Structures are given as C-alpha cells and as structure tokens.
C-alpha cells in the first residue's frame with residue numbers, strides 16, 4: 001500500500017505561520033525544530049520547567065521561554081519534544097489540564113500516544129510530525145536549503161477540523177516538503193520506528209559489528225584490522241546503501257565481495273527471520289513499551305549498567321585510539 005506524499009508545492013505554509021507554536025523541550029530536536037520554524041517565519045515560544053539547564057541556551061538563541069503550563073495556554077499548537085518516557089508525567093500535569101478545544105498537540109514519535117500513555121479530550125487535535133533523522137541533521141539540511149523526509153499522522157481531529165493542514169504546514173516549515181512528507185498513522189510510525197532501531201539500525205547493527213570484531217580477535221587477527229574491517233568501513237557501505245540502494249551498492253563492490261555477500265547472506269537470513277519476528281511481536285503487543293517504562297521507573301538500571309560496561313570493551317578501547325586522527329580532522 002503506497003503512502004500519500006506531499007511536497008512544498010502541495011502545502012500551504014501560511015497555515016502554520018498564522019498560528020502560535022509552543023515547543024516543549026529544548027534538546028536536539030526541540031532546538032532544531034524551533035530554529036527551523038522561526039526561520040520559516042513561524043511564531044515560536046519554548047516551554048521549559050523552572051531551573052532547566054536549557055533555559056540559558058534557548059534565551060541566548062532569542063526565544064521567549066515560559067513555564068510549560070503557561071506556554072500551553074498561549075499556544076495554538078503545542079509540540080511535545082521530550083523523551084518518550086517523560087510524556088505521561090509532564091503532559092498529565094502541565095499540558096492536558098490546560099488544553100482547550102481547537103488546540104493541537106503534536107509529537108515527533110508515536111510512542112506515548114500509541115501505547116496509551118496519554119489521551120486527550122474531544123476537540124483537541126493530536127498530530128504526529130516526525131522528521132526522519134536527528135535534530136542535528138534536521139537543522140543542517142534546512143540551512144542548506146534541503147530537508148529530511150517527514151512523516152505525519154492524525155490520531156484525533158480538533159474542533160476546527162484543520163489538524164492535517166497544520167501537520168503538513170508544520171512539516172513544510174521544517175524543510176520536510178523539500179524532500180517529501182508522507183502520511184501514515186501513529187501505529188505504523190511507532191512500531192516500524194522501534195523495529196528499525198532494535199532489529200537493524202541500532203541493535204542489529206551493533207550486534208553484527210561487535211560479533212564480527214570478536215570473531216576476528218578470537219581467531220588471532222590484529223585488533224586494528226578487526227576494527228577497520230568490522231566497524232570503520234561500515235560508514236563507507238552505509239553511504240553507498242543510502243544514496244544508491246541495494247542494487248547500487250552491489251554495483252560498487254568487487255565481484256569477490258558481492259559473491260561472498262550472497263553466500264554469507266543465505267544462512268544469516270534463516271537465523272534472523274525468526275529473531276526479527278519475535279522482536280516485532282514484542283513491539284506490537286506492548287511488551288517492549290512495558291519493559292522500557294519499567295526501566296524508567298527504576299531509574300534506568302539496565303541502561304546504566306550497559307553504558308558503563310561498554311566503555312570497558314575491547315572494541316571501544318581500540319576504536320578510541322583509531323578514531324583519534326578523524327577527530328583531529330574535525
């Protein structure tokens with residue numbers, strides 16, 4: 001099923017320019033979105049809790065900073081750009097009680113809405129505007145007169161029946177219309193995003209990289225060569241895949257590499273298929289969300305342990321040395 005795609009020519013920027021936008025949070029996404037919106041001549045304020053370390057930065061960049069509940073009362077569109085696990089706590093206390101019909105609450109990821117962490121009264125719009133990339137890339141591409149792909153979705157219409165128009169206009173203001181704005185649903189965005197992170201982009205890639213590195217080390221190969229072959233060159237291949245696709249990647253590698261990839265892929269696919277299906281199932285049935293929210297409630301014991309342990313791994317120790325020349329170049 002093909003998704004509807006919208007470009008700059010299809011979208012009215014004036015819709016969002018006529019409204020007051022409030023950005024809750026000033027991390028990498030909050031900052032990038034606020035700056036892009038302002039450069040697109042959209043009226044923007046930032047909402048932060050009293051004492052937030054981000055207040056000086058937001059003010060230095062010229063934004064009016066309000067406490068969250070005041071921001072909500074002075075905005076037409078409120079974007080919740082906080083970590084997923086904080087949405088329930090912050091929104092139930094500082095946002096939802098102060099909302100009125102006609103307002104719109106937006107998210108950059110569908111997690112808290114799809115997994116029923118928050119809900120909104122009738123007449124309040126609930127939208128998704130999700131840039132397909134980190135805040136740093138969102139800002140960099142905008143400044144180059146380019147953009148990132150964006151996803152939009154409407155979970156709940158507002159009393160003005162303009163939720164979709166607002167979502168599209170907001171995405172255009174961030175540069176999304178330069179590449180393409182795709183319409184989906186909170187469910188599809190949330191579940192596919194989590195799956196991509198876990199099975200491929202973060203969890204899957206890290207597992208393959210670390211296992212490859214360890215396999216060569218245990219077989220007696222030099223650590224430096226293991227790092228170059230299994231970690232460093234990932235970027236070269238990823239760039240080819242990004243810009244040219246799978247077929248294009250194949251065309252840019254040797255016959256030896258291509259034949260070897262085909263031979264190695266077949267047994268790996270058999271192992272991965274069932275594992276990936278299990279990962280997706282745990283996302284779909286809410287098991288992952290439950291585990292993650294429990295982790296947050298316990299103050300992140302697993303994350304803290306894993307982060308500490310990672311610093312002591314051989315792959316990180318070798319990588320820190322080999323990455324130094326590249327860091328110097330920057």
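In case you wondered, yes, glycine gets a Cβ from its N, Cα and C as well.
Since we're looking at a predicted model, the values are computed, not measured.
For the NADP(+) site, Swiss-Prot lists 26, 27, 28, 29, 52, 54; matching the candidates 135, 147, 175, 176 against that entry yields 135. Most buried of the binding-site residues 28, 29, 52, 54, 254, judged by other Cβ atoms within 10 Å, is 29.
Here residue 229 (Mg(2+) 2 binding site) is positioned 30 angstrom away from residue 135 (NADP(+) binding site), judged by their C-alpha atoms. The DSSP secondary structure for residue 233 (Mg(2+) 2 binding site) is coil. Taking all protein chains in view, 14 other C-beta atoms sit within 10 angstroms of the C-beta of residue 229 (Mg(2+) 2 binding site). Broken down with DSSP, the domain 'KARI C-terminal knotted' (185-329) shows 128 helix, 0 strand, 17 coil. Nearest by CA distance to residue 27 (NADP(+) binding site), out of the recorded positions 109, 193, 229, 233, is 109. Here the Cα atom of residue 254 (substrate binding site) is found 15 Å from that of residue 233 (Mg(2+) 2 binding site).
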